[in-house]
Amino acid sequence: MMAEEGNRNKSTSTIEKPERRLMFKQLTRRVGVAVVGSIFGSALLRSRPAPAATVLRPPGALAEKDFQSACVRCGLCVEDCPFDILKLASWADPAPMGTPFFTARDEPCRMCQDIPCVRACPTGALNPLLTDIRKADMGVAVLVDHETCLNYKGLNCSICVRVCPIRGEAISLKPIQNERGLLQIPTVDSTKCTGCGTCEKHCVLSEAAIRVLPRELGLGVSGANSAGRTPVWK
């Protein structure tokens, strides 16, 4: 009797030990994966390039440094955008993670008269004093590529002028004489342009010749183009 019980205990112990070893091995593997994942994730975030200077923010956004400090990444402005233009940046986007931005070439700001994104912001990162969408300053449109713009080739394209929400004020065609003759060149009035991106969205070229850039950068590019220098954003 005693011998049988001893054999049973020995048999049970023999079965339990491999199970415990398997559980320990699985636990060790999971911990290892978690540690490696954490290290890899941290390294990935550290290796991310600095946020691009070409990111476009919602209407009423404060200056970029102040905006990043005030924005709590709540996503309320994104939720309240009726056209789903705004999105929150992921780690792969050219903006700090969780901050709202839009890509004009994909979808421009529709310039809602009631500016719901501004009203939704709880912190003032989108300035509540902005009540007239025509006073928004999301950026400025710049003709960044004279070589591909159809008007510089002597053709008559006026798409960017015709689709502009502030038609006849923010962008117009100005006559310029060159070896090809009298050209009608898209010209942006930076004091009237809101940076909505409608012109960039509707440019008929595969890569838009006109782009919307944050105002400081855009004015620098415009000045470089006028002086015949290489645009600073390229």
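Placement of Cβ uses the backbone N, Cα and C atoms for every residue, glycine included.
Since this is a predicted model, take the numbers as computed values, not measurements.
Features of the protein shown, as given by Swiss-Prot:
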| type | residues | note |
| --- | --- | --- |
| BINDING | CYS71, CYS74, CYS77, CYS81 | [4Fe-4S] cluster 1 binding site |
| BINDING | CYS109, CYS112, CYS117, CYS121 | [4Fe-4S] cluster 2 binding site |
| BINDING | CYS149, CYS157, CYS160, CYS164 | [4Fe-4S] cluster 3 binding site |
| BINDING | CYS193, CYS196, CYS199, CYS203 | [4Fe-4S] cluster 4 binding site |
| DOMAIN | 61-91 | domain '4Fe-4S ferredoxin-type 1' |
| DOMAIN | 98-131 | domain '4Fe-4S ferredoxin-type 2' |
| DOMAIN | 140-176 | domain '4Fe-4S ferredoxin-type 3' |
| DOMAIN | 184-215 | domain '4Fe-4S ferredoxin-type 4' |
### Summary
Other C-beta atoms within 10 angstroms of the C-beta of CYS112 ([4Fe-4S] cluster 2 binding site) total 17
### Task
Taking the Cβ of CYS74 ([4Fe-4S] cluster 1 binding site) as the centre, count every other Cβ atom within 10 Å, in any protein chain shown.
16
### Query
Among the binding-site residues CYS71, CYS196, CYS199, whose Cα is within 10 A of the Cα of CYS109 ([4Fe-4S] cluster 2 binding site)?
CYS196
## Note on the structure
Grouping DSSP H, G, I as helix and E, B as strand, the residues of the domain '4Fe-4S ferredoxin-type 1' (61-91) number 12 helix, 3 strand, 16 coil
### Task
Might you list, by sequence position, any residue in that chain lying six or more from CYS160 ([4Fe-4S] cluster 3 binding site) with a Cβ less than 8 Å away from its Cβ?
ALA141, ILE171, PRO186, CYS199, HIS202, CYS203, ILE210
### Task
Quick one: of CYS71, CYS74, CYS81, which binding-site residues lie within 10 angstroms of CYS196 ([4Fe-4S] cluster 4 binding site), measuring between C-alpha atoms? Sequence order, please.
none
### Query
Rounded to an integer, what is the Cα-Cα distance in Å between CYS121 ([4Fe-4S] cluster 2 binding site) and CYS71 ([4Fe-4S] cluster 1 binding site)?
9
### Task
Can you grab the distance from CYS193 ([4Fe-4S] cluster 4 binding site) over to CYS77 ([4Fe-4S] cluster 1 binding site)? Cα atoms, rounded to a whole Å.
22
### Whole-number Å value for how far CYS81 ([4Fe-4S] cluster 1 binding site) lies from CYS112 ([4Fe-4S] cluster 2 binding site) (Cα to Cα)
9
### Message
At a 10 Å cut-off from the C-beta of CYS196 ([4Fe-4S] cluster 4 binding site), count the other C-beta atoms across all protein chains.
### Response
27
#### Entry: Alpha-carbon distance [CYS157 ([4Fe-4S] cluster 3 binding site); CYS81 ([4Fe-4S] cluster 1 binding site)] in Å
31
